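Peer 1: The structure that follows is given in the form of structure tokens.
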Amino acid sequence: MHTVFRIGEVRQINKKSPLYEVDLKLTADADQQLRHLTDRIREESSGSTGWDRMGKLLLKIGQFDKAEELYTALLEQASNDSDKAPIYCQLGWVKQDQGQYTEAVSFYEKALEIDLKTLPEDHPSLAPTYSNLGQVYNDMDDHSKALEFYEKAYKIYEKAYKICEKALPPNHPDLATSYSNIGQVHNNMGDYSKALEFYEKSHKIYEKVLPPNHPDLATSYSNIGHVYNNMGDYSKALEFYEKSLKIYEKALPPNHPYLATSYNNIGQVYNNMGDYSKALEFYEKSHKIKEKALSPNHPDLAISYSNISQVYNNMGDYSKALEFYEKVLEITEKALPPNHPYLATSYNKIGLVYKNMGDYSKALEFYEKSHQIREKALPPNHPDLATSYSNIGQVYNNMGDYSKALEFCEKALKIDEKVLPLNHPYLATSYNNIGQMYYNIDDYSIALEFYEKSHQIYEELLPPDHPYLATSYNNIGQVYNNLGDYLKALEFYEKSLKIREKGLPSNHPDLADSHLSFAACYERMGDYAAALKALHNAFQIQQHAFQEGNPAFALTYSWLGRVYRSMKDYSKALDNLEKCLAIDLKTLSERHPNRAITYSNIGDVHRLMGSYDRALSFHQKALNIQENVQDNPLECATTYTNLGETYREMKDYSTALTYFQKGLEIRQKKLPKNHPDLAIIFHNMAKLYLATQQCSMAMENVQQAVDIAQKKLPSNHPHLLNYRQTFKEVQKNM
């Protein structure tokens, strides 16, 4: 055995120096752990010739270029097809790791063509090639083709593992490999509970037969980590990824590709957990290794840039995100043909950044570029086309063009319902998107129907504390909130918050969304102190997560304005609503419905401060948008109601009544009969009739307001107290 050292301790010489002092201890020939590891690697690198063994070892240590040279030379020397087939497979592996996917497919198919001439269709030797082809097509974003090969591999692996279970002792390494292969296929097909079951079976064997520092044990930990990550159990995923990394750091050279992958996996988990600084740290570690090991146009570098960009996007640093996505685009446009699916993915991600920046026309431009490639390259019912339609729909949604948004989301759903199983997660996402569109056009009963369809799938597929379930509970809560069923809304908000508090760090933006939902509900219930507390919690999280001026702040400022208005602190209300408007003006189109909501809220505060001309001016700005858009009738009804109140206070009773009746007509069409928003209009009309001495009409309206409020609002709600006070005044005047 050659001279081998163990690393004892690593110390930085001083904080300013990049140099480290490393304590090395000479190992003895009798070191059992080292001997066990080297024997195992020697066994795994076995081959028919010394050169074959050398090639396998080069692949094992990540020296892909050298492995390619060796296998190319061996291919030239091979005299018959049976010798060529395994070499084609190894060259396929090399090309796959080099990111040259079309060449990888070509080599794997050559190997398959030879093997199928001499072997039966279900021979175990064919399964790894099918699985590798599935992985390459997955890397190329051709998911339907990937699934086709994964299913072929699965059928063979399933048959093989049943044979292995009968023929081999329970701790045989081949049985572990068989379990692992089946686990991988289940994971790739989205069946995570089955994947976990087989990966754990495999891992138990590896733990018994492999030394604790063996790279295959690290891979096994990593596989289990992947499944937990896909299931949304990020703390568990992190635990397994860190175990994997610990072995890789001991067993592999510092620039090995597996280390880059390991750092990347940990970065992904931190990104999912909302710990963006940690995510960035690990993504950059991964990227440094890839920069040294790979050519500047390697697709894996593009993926690395893409991951870093995604973190900056999540942090709200969109200019930085865009900078890295442009690097991705530079590589993909050079390395890939103009209609390659991965190029479509790159355009798609740039579209996402522009969407988050509020530049919806740019977002639409890139989403449409992505869609054009997919339309040419993919069959008409391909799931990626559904994703494309959905993304375009989301942009139209953000632009406030809800009918157009619904049109595209329904196209996506049509594809998903054709090609996906009934309980597929993509179908759940599609139902959720449609629910969101109906929610935005104030059709709450249909929104609830789609949200519940989505939720049912998530409940069947996902663990009970998955982040998707939290979002689903929150969405259903919002529908109940807008239907005026506040206790039901709170019930769903609490379910959502419980999952998020358990699974996410305390400064994750999703927690801010939860606090905003609670704030909106508490404001409507008249608990203004609780609403204010929830809003401050949301604002603190957003300050940590986003840069100043991020569109996320607009909603927080808007609700702060509304709560302060309800508390009669009009200067603070106006201050927050004007901050909201400043963001709206920068990020939203001139005709966006959210601008109209802000104009109307500002107008109402000016009314309460007695500035009727300014109130009318802002309400008119709101109406100019709302009467032309038509997708948000309930928001338009609110503006009509606010205008009615303004004219009532100005004693222009006929104009006031016209606006009250317009608002009432819309709300009676769109809302349940006992909705608290109907009580507001009935009360306003009662005050108008009282002022014009029409006491019987005043009594009729105030009675309806009191009846609704007593059923739907807490007994100490300020609105109910006001309605009762007006009721007494009407009684006195009759």
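Cβ from N, Cα, C; glycine included.
Got these off TrEMBL a minute ago, pasting:
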REPEAT    85-118  repeat 'TPR'
REPEAT    176-209  repeat 'TPR'
REPEAT    218-251  repeat 'TPR'
REPEAT    260-293  repeat 'TPR'
REPEAT    302-335  repeat 'TPR'
REPEAT    386-419  repeat 'TPR'
REPEAT    428-461  repeat 'TPR'
REPEAT    470-503  repeat 'TPR'
REPEAT    512-545  repeat 'TPR'
REPEAT    554-587  repeat 'TPR'
REPEAT    596-629  repeat 'TPR'
REPEAT    637-670  repeat 'TPR'
Peer 1: Tell me whether the repeat 'TPR' (428-461) sits in contact with the repeat 'TPR' (512-545), defined here as at least 3 Cβ pairs under 8 Å among residues 6 or more apart in sequence.
Peer 2: no
Peer 1: Sort out the residues at least 6 away from either end of the repeat 'TPR' (176-209), same chain, that have Cβ-Cβ distances under 8 Å to it, and list them.
Peer 2: 127-128, 131, 134-135, 138, 146-147, 150-151, 153-154, 157-158, 160-161, 164, 170, 216-217, 220-221, 223-224, 226-228, 230-231, 424-425, 461
Peer 1: Does the repeat 'TPR' (260-293) reach the repeat 'TPR' (218-251), going by 3 or more CB pairs under 8 Å (6 or more apart in sequence)?
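Peer 2: Yes, these stretches are in contact.
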Peer 1: May I ask for the residues of the chain that lie six or more residues beyond the repeat 'TPR' (85-118) and have a Cβ under 8 Å from a Cβ within it?
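Peer 2: For the repeat 'TPR' (85-118), the nonlocal Cβ contacts are 55-56, 59, 62, 64-65, 67-68, 71-72, 74-75, 78, 125-126, 128-130, 132-133, 135-137, 139-140, 257, 294-295, 298-300, 335.
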